[in-house]
Amino acid sequence: MCSSTLSFNRTLIRLFVPSILFSSLRMSTFVMTSLSSLPFPSSHHCLVSNQAPSPLQTLPLISLINHCKTMEEFKQIHSQIIRSGLSGFLAEQHRMVSFCCTHGQGDMGYARLLFDEIPEPDNFMWNTMIRGYSNNSSPEAAVSLYIEMLARGLGPDNYTYPFLLKAFDRQMAIEFGGELHAHVTKFGFCTNPHVQDALIHVYSISGEMDAARDLFDKSPKQNSVLWNAIISAYNRSKKYEESCKLFAEMEELQVEPTMVTLVLVISACAKLKNLEYGAWIHRNIENCRIMPNLALQNALIDMYAGCGDIMTAWTLFENMEAKDVISWTAMVAGLANLGQVDQARELFNRMPERDIISWTAMIDGYMKANRFKEVLEIFREMQAVSVRPDEFTMVSVLTACANLGALEVGEWIRVYMERLKVNMDVFVNNAMIDFYCKCGCVENAFDIFEKMQKRDKFTWTTMITGLAINGHGEQALDLFTRMLRTSVRPDEVTYIGVLTACIHAGLIEEGREIFSSMINTHGIFPNVCHYGCLVDLLGRAGQLKEALETITNMPMKPNSRVWGALLGACRVHRNLEMGELAANKILELEPDNGAVYVLLSNLYGKSNRWEEVGKVKDLLMQRGVKKIPGCSLIEINGNIHEFVAGDCAHPRNEEIHAKMEEMGRDLMLAGYAPDTTEVFIDISEEEKEDIVYKHCEKLAIAFGLLSSPAEKKRGRAWEREKGACEGEFVRGSQRLLQVRVLFVFSGRRPCSLKALKVSTLARRRGSLPASGGSKRSDGSLPASGGSKRSSGSLPHWVGGKSVL
């Protein structure tokens, strides 16, 4: 089939005339001059008369191939080679196959056609083809060709195995690594350092570092190639301490490091945040008799910036004679990781060239700084300049959508990834699960979870935690049991998710048993976060004495979060004495924690001790401590709007407050009375009601109700736990903004609230739903609020103006 295809190509090629080559403006003057000097008529006569062309006829065409920039140019030269009768010569065959296999614009399909026309390919040809498949991430094709080579009676040489093995991914390494190692031994290449280098690479990506180290230790000649291979293998396996130890061994054995060695070990220091060792290597580079090149300078900048020594990194960066995109990206990432996001953005804007890694570094910087709106803004900028995102970019963008509660934007991103065929690896799927859970769409998250062919422990943990925070505690525990049956070993984070499920479901006995099973079943010793969960579980159940005993008996010093869980429970259950103890402990650890002063003030207010309330507020003012105001975000038709408590800055402020008054009247008629006992200021009842109505969540909900009924609304809020009704607001029988809070409505009695975060969703319903944490009648998960976009439909902000 291949032969007939090439014969057909030859028929077409004969229709070409030499002038077609001269029409290509991209060909250099040298190329056109050389081509014009070819004696095409006499060469064609050679083809007809079977006379061999002379070397003078062959050389110019070979030189022309070196100057090709595209496959179109190559095919034109190939046509002249055929017409000149030179296609059967080994030199032309080598050069043509090599171009198709190794050039950036090459074509492996065309290379295979050329290869199949060669009656007896030599080792160079076979190795070049194997190398081509390796470079094109086709390890299966490379192995198939290797087997074909053996079947045709030709043995491998020194270059075959390095080309072949370097192409392997993890799955190929697991399946064929050991077998090919046996082939290496059989054919006598087990002592070749480059072959050993390739084998170490294969064992490292398959996770068999013991086998890789054994291969290195048994090598009779440990030259710099092998040292670099094993250090690189440890870096790849994220065992950076071993990389540094090996470099120290090299020093002891007086093995001269290469530039590659220094780059590898400095990169390991960057991952370890080992500034001292990295700086020592930097100071001793001159002793290695190595002139620093761009790669080494970039590694040093990345190390210093990653370790927090931004001034040294900046000095190196400024003194570089030539900078590439990696140099700029290292500085941008370093500034962003230190929280200096604005400075990172300034440097990013100055970059002469940006690649996907640069954009992802900037996006990741905004994400780590919790500036989620900027994440979406810069993602839109990246799209505007047609930079294709990868899976790492999308994880950060999805995380931003999750924290904003931007369901519509996140669902468009899901369609966008499918359209671009972004690699939906386990990390992207985990981010999707987290996104849907934080938006309250548990069913969508569970659908992704069930369809995943490969799950890691983080997948299980994310789904368990998502069920927990959405009020599905029992389902979360069921999923944890299912996880254990699949032999996936839970870790510390998994247990935090499971304990959180017990907290939200009020499962005290189950929580105690799970806490005990950490040590008894899995040998995981609880850390301060697990003790904090246990204290929270006991405190919410009113078992304050046992909660305090748990803190007292902790094997480590309790942090402010542990004491904060107890203080919050004391406020709910009005235990003033224990609450004062917890507050004092927190202030010893964090004297500038404004939330503690507020909680303590509220605790005094509940006990009608207004004098102490005043003292706490005076102390708050004297120390200059400021409480971070609550913040709510609401998504309306893809737009993100932000509100804080008492906010009057919105352009539609008057309409919003008028809507809130209207909502208040409707709620009063429906039997709701605001719980002013949560306003711990000695003022009139009317003033307290006014404060209750101006919570940031209510501002966001009022603005949502002002919008068109057809528009989708979704919001998130970050604020302390309240007793005022933040629950469900009914507007006639047309719309319902459902806030993810569990409450009991009874006549004109105030609502009881059990929630930490709020997520609102506009739905068309005619009656109040049941509590958000209940199961459906069939026992399955409740339906999610998120609706899927039709494939290919885009939010209006994508590729156009920003709405953020």
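Backbone N, Cα and C atoms are what each Cβ position is placed from, and that goes for glycine too.
Annotated domain 'DYW' per TrEMBL: 671-710, in sequence order. The region 'Disordered' annotation in TrEMBL covers 766-804. Taken from TrEMBL, the feature repeat 'PPR' applies to 122-156, 223-257, 324-354, 355-389, 425-455, 456-490, 491-526.
When Cβ-Cβ distances below 8 Å are used as the criterion, the repeat 'PPR' (324-354) is approached by residues 294, 297-298, 301-302, 304-306, 308, 310, 313-314, 317, 361-362, 364-366, 368-369, 371, 374, 387 of the same chain, each at least six residues removed from its ends.
Note on the repeat 'PPR' (355-389): DSSP counts are 26 helix, 0 strand, 9 coil.
Each residue of the repeat 'PPR' (425-455) gets a DSSP state, and the totals for helix, strand and coil are 23 helix, 0 strand, 8 coil. If you take every residue in the repeat 'PPR' (456-490) and average the pLDDT, you get 91.
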